[in-house]
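Visitor: Positions annotated as coiled coil by Swiss-Prot: 261-304. The annotation compositional bias 'Low complexity' is assigned in Swiss-Prot to 64-73. According to Swiss-Prot, the compositional bias 'Basic residues' annotation covers 219-235, 307-317. Residues or ranges marked as phosphoserine by Swiss-Prot: Ser18, Ser59, Ser70, Ser81, Ser92, Ser103, Ser114, Ser124, Ser142, Ser169, Ser170, Ser200 (among others). Residues or ranges marked as citrulline in Swiss-Prot: Arg323.
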Amino acid sequence: MGTPLRRSRRLEGLNPLSLENLPDPEVSRAKRALVDFKSNPEETRELESPRVPPLDLVSPQPQPETSPESPCPKQDAGFGSPQRQPEPHPGSLQLHQDLGLDSPAGQTESNPESPQREQSSKLSPTQDSEVAHAKEEVIPRSPEPCPGQQAPGPEPSQPAQELAFQAPSSPERQLEPSKLPPAGESVTGSLDLKKRVIASPQAPASKKLKEELPVIPKGKPKSGRVWKDRSKKRFSQMVQDKPLRTSWQRKMKERQERKLAKDFARHLEEEKQRRRQEKKERRAENLRRRLENERKAEIVQVIRNPAKLKKAKKKQLRSIQKRDTLALLQKQPPQRPVAKV
């Protein structure tokens, strides 16, 4: 990997830091500082000289945005470390601070006016609190390198956008300090949660199997004859109890309904009788009118000679009727006396 474009004169003898040659987190800070001092004596001399301005020591790369879930990239980017460590550790946090000696900015703990102190003072109080909470978190230890290896120089750090992208998607994201469970309950809580997640899909499956089974009704005949069903009774065997007392309003309402029903039945009967009587009277009137019309239309001849009656045939005798001829005689005065029979 190539070195960055802007490098100071004191970083010429440093070797790049690789993931395989990570320093031992258990080595003390004083011992590691002594080894770095022996390897690069010119570096400390230049830091002690007042001619070197502190602004040139700042890393040219911007600080990436950090989230409360991943405080490790914030410290690495602020101190100019080359690459984000696998996971933060109380021992590894101390290691990150000590690695500032080998960073491209050439920072050491002996110089109080170094850019490391300036950057730490510029941090907001919220970031300081998040860093303090991150130190208190319980995290598995990082892999340790061989004790005989020396802490080499760092590699060029990754871009700020890549660090910010990897921070929220870390698989082993830790909980916030306010939500941390007790030490004894952390493992049991996760196991109970897994059991619930595994047991939940099995419960609905068993219920579905029970619901799918056909329910056989007891006592129901196969032919479907309802009157043979034990649970049902015949209409004649059903007993419908009347209420013990009925309200006065209900009594009056029922009485009014009965009265209206009787009046309507009587009205229908009277209407039927009236129609029958009218029909009978009309028939009698028609008969009387017919007879009157026949008499008006017939031709009457008064037979005064009895000899004609003796000579008349049976057919003629049928049409002869004995009537009162006084009215006719009065209308038509007789011309001769009527023959006495």
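Counting begins at 1 with the first residue displayed.
Glycine residues also receive a Cβ, built from the backbone N, Cα and C atoms like all the rest.
Could you tell me the structural context for the features on the list?
Guide: Across the residues of the coiled coil (261-304), the predicted structure has a mean pLDDT of 93.
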Visitor: With every protein chain in view, how many other Cβ atoms are within 10 Å of the Cβ of Arg323 (citrulline)?
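Guide: By my count, 11.
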Visitor: Is it possible to list how many residues within the compositional bias 'Basic residues' (307-317) are helical, extended or coil according to DSSP?
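Guide: Across the compositional bias 'Basic residues' (307-317), DSSP assigns the residues as follows: 9 helix, 0 strand, 2 coil.
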Visitor: In DSSP terms, helix, strand or coil for Arg323 (citrulline)?
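Guide: Looking at the DSSP assignment, Arg323 (citrulline) belongs to neither helix nor strand, so coil.
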